[in-house]
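Structure record follows, encoded as structure tokens.
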């Protein structure tokens with residue numbers, strides 16, 4: 001592997017001159033600069049990122065800590081963040097923790113050692129212990145995104161109440177009166193607010209919520225599958241079902257299909273999130289759209305602003321608003 005000394009020798013200059021060319025820290029004559037760049041290319045020389053960061057005080061890298069990269073919703077946000085980082089000239093180090101405090105601590109220490117310029121932390125829920133841990137790394141510019149009503153973080157307001165209302169309202173407008181729901185864990189903010197939107201739409205339409213048709217999952221496809229199988233053991237079934245995310249809808253559709261039932265002929269289903277794959281479900285899923293692209297872009301823009309102004313004291317917490325939109329496809333039928 002070539003070193004800076006090899007480059008200097010080939011170009012016929014000092015290592016200091018090579019450093020100035022690489023870091024653009026001092027004027028270098030054009031012919032000298034060209035000789036150095038030619039030597040770098042011929043030797044396939046790559047400067048030490050750590051050594052360079054010590055000189056210019058930046059690694060042009062960002063760390064991201066996220067609950068999981070497996071869930072399609074989070075995977076699409078990560079993709080958006082990575083794309084926007086790349087356009088801004090930054091590399092992204094992404095790690096997952098699955099709500100394990102020890103892993104979070106280890107990841108934070110590792111990213112700090114890599115001298116990342118900033119940190120983006122995106123989890124579905126935070127404990128006070130995890131917030132205290134993050135505060136111990138406060139010297140690193142950081143954006144901590146929270147879907148909950150936390151006063152000590154930046155906030156993602158995805159207007160889940162409005163989205164839950166919008167989904168249920170669409171089912172009602174299609175003539176459905178017997179409506180069930182597979183929600184997330186109701187002790188979690190996102191799940192609870194989507195359910196409250198469902199309640200509001202049902203109340204406005206003067207429709208009764210059947211407690212037997214309210215099932216809790218954990219936003220995974222197997223939860224949709226298991227909840228639908230429990231629902232199908234009942235004597236009376238809803239004509240429509242609101243699944244509070246798209247992957248639970250996928251699991252629910254799979255369970256229905258295994259029993260020889262069809263969507264939407266035997267039961268209409270609406271999802272939530274509008275993940276990329278939802279348009280390729282059988283049938284294509286009617287759902288509630290949330291802009292993952294906009295969320296990722298705004299989160300990084302806030303972080304880059306904090307990196308730029310990191311020496312100016314405490315930054316105000318920010319808020320990102322994501323407006324839900326109804327996407328009509330083929331999984332809901334009108335029974336008017």
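Cβ atoms are placed via backbone N, Cα and C, with glycine included.
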Which of 129, 273, 274 belongs with 73, 188, 190, 219 in the hypoxanthine site listed by Swiss-Prot: 273
Per Swiss-Prot record, range annotated DNA-binding region [choices 30-38, 39-47, 48-56]: 48-56
Given ranges 4-23, 84-103, the stretch to which Swiss-Prot attaches the annotation DNA-binding region: 4-23
Which listed residue (73, 188, 190, 219, 273) has most other Cβ within 10 Å, given these are binding-site residues: 273
Same-chain residue ranges lying at least 6 outside the DNA-binding region (4-23) that approach it to Cβ under 8 Å: 32-33, 35-40, 42-43, 45, 47, 52, 55-56
DSSP-assigned states of the domain 'HTH lacI-type' (2-56) in counts, ordered helix, strand, coil: 39 helix, 0 strand, 16 coil
For residue 219 (hypoxanthine binding site), the three-state class that DSSP assigns: coil
